[in-house]
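Each remark here refers to the structure printed beneath this line.
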Amino acid sequence: MYKIKKIMIVGGGTSGWMTAAALAKFLIPHGIDIELIESSAISSVGVGEATIPHIRVFNDMLGIDENEFIRETGATYKLAIRFDGWGEKNSSYFHPFGVSGFPINGIDFHHYWLRLKQEAEVSEYGAYSFAAVAANLKRFGYPASNPNSPAHDFSYAFHIDASKYASFLKSRALAAGVTYIDGKVTEVTRDKEGAINAVQLDSGEFFVADFFIDCSGFRSLLLGESLGVEFESWAKWLPCDSAYAVPSEALSSPPSYTLSSAQLSGWQWRIPLQHRTGNGLVFSSSHQTNESALSTLLGNVSEPITADPKLLRFEAGKRKQSWEKNCVAIGLSAGFLEPLESTSLYLVQVAVQKFLELFSCEAAIGTTEMNAFNYLINIEYERIRDFLVLHYYANNRKDSDFWADCREVAIPSSLEEKLEIFRCGAGVVEYRHGLFMPASWLAVYLGQGVVPVTYDPRLKKMPLGKMKAFLAQVEWDVQRAVERYESHSLFVLRANSKASGAYPPASMSLYGAPR
């Protein structure tokens, strides 16, 4: 059991300063000291520029005005991710932050779509999603208040400059009372029970604390190196182990979506910010050389590059537990799942929120809290893992060994069960815990050609003409609603001009954000 009066965060970057800002707001007022050690000589990885709607919940929790956030981070809005070439080489679909259609008579919309897919002609599934259509047309606006509007059931996120976000949070954390220490940790000391009791810097100084949070990045200095918590590799399911990243000039008309384009041995991202564009190629070094990967990346960047490309090496997976003794790892020190679905900052956020939920300013914390935290965080990682693996596994590309290898892998049993349920009866498994909800799974299933053999049998009696008319009306309503929204570029300009302003409640999310 640990009675905590001082918490030491080792490492800065986005994960460190997200953690520090949250702990400062909720723990410093109760007499808990928060210190953060960061070496100004070590640069952070700086990826994770695309987010999901949960980031709004985190910012709201800290009392951050959304328009100020837009200005300070050079952000643009995000309604979806567009996936090019993932199912078939020339295919394209959207994973929107919203639903397609709506249930009728207790039957989910995708069953109606599936019947028309089998027996007639039907538009692509995303044509019935406001968020997908708006993203495709580079439109943006806040969700409609009218629950009957097609523009009601969606949420939004942002494309941000991760370094600027870290600096923004750092200033807030320091103002709230966090103690900042510039230095490099060279040694970690432990007590007779194996718990960490102090860290030593390259200056020779020792700093003690009751509890430590490891935000040291891939190295996992505290949880991995000092406490010896093993790394669980998921490379057999997520084979990409390298990435080149390079910025380029800003797009003249930035879209309200992240672009993920499948390549011969991985995939390329494009993230539009106000002041630049983030580009990168995630690839498998077993299937492509560095030189070939860099050539692929630069050959698909449309704007002039503004800095030298950076090469990152990684291994997909996580530590077997994120909390051991008096140390919690948050961010890359706990695990890494490639940025395919923009989940990096979400995993930081959910770890911080779970820690705060389990923390007691009055009583000691110990094994009970540790076990609960590890259970919940493991679920988050595993269910995101399954969702990412689905993208690679459900492909029909015939142009490279990489994609053939992805199709032939023995996927996790948990994903196999989900796929079997969907293939046999179009059912989508929904859990209490975990990130992605049915709308997300449906977007990827149907976007990549995973089509069930049947649909809800109650629809067999519905006249086909009536069903066609129903879906045509839904599609028309979505198009008309999108046309009433303004361009994404104009909306960003107006957000920048506001000192503060009204925006939707952060709790508005279709993806399990706390309410």
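Cβ atoms here come from the backbone N, Cα and C positions, even for glycine.
Where the annotation comes from TrEMBL, it is an automatic prediction and has not been curated.
Cβ environment of Lys78 (7-chloro-L-tryptophan binding site): Ala50, Thr51, Phe97, Tyr156, Ala157, Phe158, His159, Ser256, Tyr257, Thr258 lie under 8 Å away, each six or more residues apart in the same chain. In the three-state DSSP reading, Lys78 (7-chloro-L-tryptophan binding site) counts as strand. Here TrEMBL flags Lys78 as 7-chloro-L-tryptophan binding site.
For Lys78, the entry in TrEMBL reads active site.
Cβ-based neighbour count (10 Å, all protein chains) for Val185 (FAD binding site) stands at 22. Summarising the annotation, TrEMBL assigns FAD binding site to Val185, Leu332.
The feature L-tryptophan binding site is assigned by TrEMBL to Glu341. Counting every protein chain shown, 22 other Cβ atoms lie within 10 Å of the Cβ of Glu341 (L-tryptophan binding site). Under the DSSP three-state reduction, Glu341 (L-tryptophan binding site) is assigned to helix.
In the three-state DSSP reading, Val185 (FAD binding site) counts as strand.
Between Leu332 (FAD binding site) and Glu341 (L-tryptophan binding site), the C-alpha separation comes to 16 Å. Around the Cβ of Leu332 (FAD binding site), 26 further Cβ atoms fall within 10 Å across all displayed protein chains.
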